[in-house]
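As written in TrEMBL, here are the features:
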TRANSMEM  B:29-51  transmembrane segment
DOMAIN    B:72-122  domain 'NADH-Ubiquinone oxidoreductase (complex I) chain 5 N-terminal'
TRANSMEM  B:89-109  transmembrane segment
TRANSMEM  B:121-139  transmembrane segment
DOMAIN    B:140-426  domain 'NADH:quinone oxidoreductase/Mrp antiporter transmembrane'
TRANSMEM  B:145-163  transmembrane segment
TRANSMEM  B:184-206  transmembrane segment
TRANSMEM  B:253-271  transmembrane segment
TRANSMEM  B:311-329  transmembrane segment
TRANSMEM  B:335-357  transmembrane segment
TRANSMEM  B:378-396  transmembrane segment
TRANSMEM  B:416-439  transmembrane segment
TRANSMEM  B:516-537  transmembrane segment
TRANSMEM  B:618-638  transmembrane segment
């Protein structure tokens, strides 16, 4: 059962099955299938050797004439993301049980899952690119068909914007393919190339912009707030929880090791963009009235910090980035789920119309408090572990970078507590007077998320150990 | 016992979980009993630990017990463990936190009896004790930081305990955010310590500090960042404005968190890091200046406040200033001594105020009180003791601790002593003003209140009495040599401050005669102030005017808290809000997104124009082709 290809095959088969289901049972079947996917991940987790480099490799010739291989493998940087993808899917599906989605919705989700896994496992740039684009198509339809508001226009922009970035990356990949002596797309061939400085310069930008749009890093972020806000809750969770990690993963897998000199030259500029993004997005988040938009901006700030950790290029920053990608996934699923519950019950997300929910729904208020504390990085929550390591990494990079990036500690508290206060505290409003507390399935999902937040915050070493070896290796690429 | 250190914080955590889950199922009696019992057991464990440390000290050893619980974070060569350290300093802190914590739990059973959130309240209190114990017990800066931020969360939850009131919820948010400003300083200090010493363990850091020269830039930066952290948690200028607002919380919370324990965390942390601080004379000077300014500013504000809890809140800020002054002039023992005595008398005063508020049907305005001593004799007597103690009249505890700080201040710089003395005069005045306005004269409240007026139940008065006894005799643990004492506390704490002391030239020594004179001056000054307050508020029975009555310039400044909140609002809050709107609506939507949309639109428009070229006119195509060919030829010729 330790065949990586199975992990990709299963969601593809799921997608086929689910596409044919028109009944309400689809969501249950989707949940079960996603749990099977998660179960299939466990053997890899158990057998993984943190210091073993690339493992479980599978390599098939795909298009022999062009030396294209379907080449999969995982190391300590991809494994946490595979865990994230397969671990979050059941949660995201479970949050949609109150909705009226049919099989086609879940088929798209499963299809996207396959694309995401392909991205995280691909060791061949061509395979990587295929996964990268495959993941984009289903999410486009999920957001465009089940979204709200001005969804068609917003999603078209999202699609074109990210696609433009992908094309830049494609040019970079094709150029690298030309440079490899025996013309292949292998990751190992790419990192073995000794490119001239001038080549690394433009290659840096080709890859960086592609990933920066996806993450998004300031100032390539303007597609994000509208897309997140207009997407259905599950779509937002997919986008923020998993999909944006493709970009960060891209930085770690394809940017740092392939064009190290380019990163050495322009890394500081990228770092500045990340830090500006943290402060800028946090400040914007402070005054948002739409709760979902507030979280969208806060997400820009959080991924800005993750990216800053990557560009700090030391073991602390890279470890922090790896673990924080998982943490951020868990916490945004929690946040967007709470907002979805609130919106379902009150028909609004406007903070000015909400308030007093804690008195009507004390259980929801407790879960929301734990999730918020995870998001602001209070010690003993998962967010702290990530934030601490990331800021430590950034601090090693430069004192003032850490001071400005650290402002997220203060500004994060300002907007998260405002969000909490405006929804949960104060007197009830017309909208919240009838608010019904969470129960059953909702408690199960929120409870599990809360437990994960606390568990990782108290015992983070299991996850940190997974990535330790690979991060160590990656950090040696610096200044090569 | 030393293997069971982890039990001390674990018990309140269990209390929190059990009470938190069962808050609706259990009876109030059960909740109160469980919540108090876990803290009592922690207290007993702390006593046993203390006696171990004590015996070790008696035997001439350092009295240090360390315990490694588990590895928390390990990445590469960064290894941070969850480990505990019990030494003379933390042993005493443990007793304060669990001992006073227990008394306040008992008191809360009576005080919160009618509250719907009784279970939630006890769960939060236990959670607070848990985090405070982590803060005190941490053997490295990061475990201390868990507690540091954790108590901030509990403070947030408890200030906003009555969350339906928007201004209370705002006060809670303000406390959390201001604390977080300090916390950023703490975190940066942690990074710098890691970079400088390669470890966060206290033992390694302090041992490594010996190799640094005084005034080393790394040590100076670390200490300044740590002091910034302390100004947040311990409410010093410029981050003090959250503490008076924190009085929105239930009164036992004010007593426990915002007077006796949490707000002294900054002093504890600096005393713990004394080795680093003595290496940075600049930081110590900065601390002295900030401290004396805070002490005076807060005392000046307290002079005119009419809300009984606000008076005590500003008094706390002011007293914290004295503790920092002690740290600044190198009187680490004196500062910690004041932490201890202040914990007794300020907890007592707050609980007394709570008893008054309870008896007055939730009235906090002293202008509506008066003459309460007949109806509430126990509250009156105990609060009188607390007031004498804080005013600094011998032989009550506050006199000795404050005197020790002021004596050291005099040795460092007589001006500091003079300003400190001025603060002490104001303290005596505003405290007796509070006492007289509340308990003397005639009742000024409504008939309803008068009818309902009663002494508080036993569960509330017994903790008052215990604290009153401690406030009287607490000074005995560190009697100065000038008064024939033996400096017990100083000897006991000696190992904690020994390394720091060894690094600096011996401090100025005061002659006993000078010390006597200083004491005499301060006692006489304080007594005059008491007489002045008596004259105004008892003999002449003056009550302060209503809010709208115009006041003199100074009185107005004091009454309006020197407009610091308004200043912060204008300089920080509003600009950030403006910036938020500006970034969101202008820069983001029109600026950056405008460019993105512009790029899209430009592509679209270019297509629109170029489309017109494809007009189906074959003649035009041929013309274009010829022009193109000619252009290629010209280019070819030119490049030859």
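Residue numbers in this text run from 1 along the chain shown.
Cβ atoms here come from the backbone N, Cα and C positions, even for glycine.
Remote same-chain partners of the transmembrane segment (B:29-51), defined as residues 6 or more beyond its termini with a Cβ less than 8 Å from a stretch Cβ, comprise 1-2, 4-5, 7-9, 11-12, 14-15, 18-19, 22-23, 65, 86, 91-92, 94-95, 98-99, 101-102, 105-106, 108-109, 118-119, 122-123, 125-126, 129, 133.
As a whole-number mean, the pLDDT of the domain 'NADH-Ubiquinone oxidoreductase (complex I) chain 5 N-terminal' (B:72-122) in this prediction is 92. For the transmembrane segment (B:516-537), same-chain residues at least 6 beyond its ends with a Cβ under 8 Å from one of its own Cβ atoms are 391-394, 399, 403, 406-407, 410, 417, 421, 424-426, 428-429, 432-433, 436-437, 440-441, 482. DSSP assignment over the domain 'NADH-Ubiquinone oxidoreductase (complex I) chain 5 N-terminal' (B:72-122) gives 29 helix, 13 strand, 9 coil.
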